[in-house]
Amino acid sequence: MEPSVVLGEKDYLACCGSVKFAEEMVLAGPFSDYQEAASAARDIWFNKVDVNGWLEAFAAHPQIGESPSRTHKSPTSAQWSKGEQSTALATATDTTLEELHQWNVRYRQKFGFIFLIFASGRSTPEILAEMKRRYQNRPIVEFEVAAQEQMKVTELRLSKLFTVNSAAASPIQTQYTATDVTKAGEDRVNIIGAHLTAANEASLLKPSQTFTRTRPPITTHVLDVARGSPATGIEVQLEMWKNIQRRPLFGEADSGGWMPLVSSTTDKDGRSGQLINMVDALSPGMYRISFNTGKYYPEGFYPYVSIVFEVRESQKLEHFHVPLLLSPFSFSTYRGS
């Protein structure tokens, strides 16, 4: 039996700056391994931490391109932030830093919180491009995106804690602090980051660049924005276009072209079950994901919602996350990470 790792609120605050999150993690622990802790963290973050807690966690981060304050309430978090932004700072010039500062200001004025991104391994030009893209989002959409990015950071930092613990575990229950594992965690940041970054990255562990997924290549998440909670129990169907003679086109009948791949139902977190097999390379082509919104909202405007997207040959190693933000009379979607 694996020994449990006892961590305190300060340790969890180093992973996520929400006090509510840290308190709930202590109550849910101790955890025997990283996977158990990460599963609890996702449930707590998306289902128990409220809007104020999300904003508190966002505010604990330094702005992209800036160093953490010396008076940061979690020195470990500040040190980790510095390491996570090391690639961005190393690739920055005076010009890009000034542009980054200007966009940080614009972003905060529009959304009311700092721009949050899983920065590990990303260059300043990459981060700037992503900030400009996300700046076009509606506030409610961007709030969800920022929460997803915070979860990626939290998972990375939790893995730093548990990486050292798994190597040093003994039959006797041992208490570790975040400070004990900071250096070892920073040494592994790029390796772990490659497994947590959802798209565009092959595993950094293998010189041959062999791609290894950590989750299925197509996923979805449905959020009920009217109720402010995950949408549970929505039927989801994924299909692929199989007519090799022609592509599905707007305004043309598509009978006989769509082949069902799998059906699922969203769980208490608003996430579907596995929609597609865990494969290294996703088959290029046209995909359609449909949601039975009429059953969820019988009096709503949409009997169902279908979203068609294309996976190109150059994108077959990427991850495609298709979230749906739903209310009785509106919906929106975007390509998430």
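Using the three backbone atoms N, Cα and C, a Cβ is placed for every residue, glycine included.
Just so you know, TrEMBL annotations never went through curation; they're auto-generated.
As annotated by TrEMBL, substrate binding site applies to H221, R271, Y334. Marked as compositional bias 'Polar residues' by TrEMBL: 74-85. The domain 'Transthyretin/hydroxyisourate hydrolase' annotation in TrEMBL covers 213-336. Taken from TrEMBL, the feature region 'Disordered' applies to 65-85.
Shown on the structure are the features that TrEMBL records.
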residue: H221; record: substrate binding site; CB count, 10 Å: 20
residue: R271; record: substrate binding site; CB count, 10 Å: 19
residue: Y334; record: substrate binding site; CB count, 10 Å: 18
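DSSP labels the residues of the domain 'Transthyretin/hydroxyisourate hydrolase' (213-336) in these numbers: 7 helix, 52 strand, 65 coil.
On the 0 to 100 pLDDT scale, the domain 'Transthyretin/hydroxyisourate hydrolase' (213-336) averages 84 in the predicted structure. The substrate site in the record is lined by H221, R271, Y334, and its two most distant CA atoms lie 16 Å apart.
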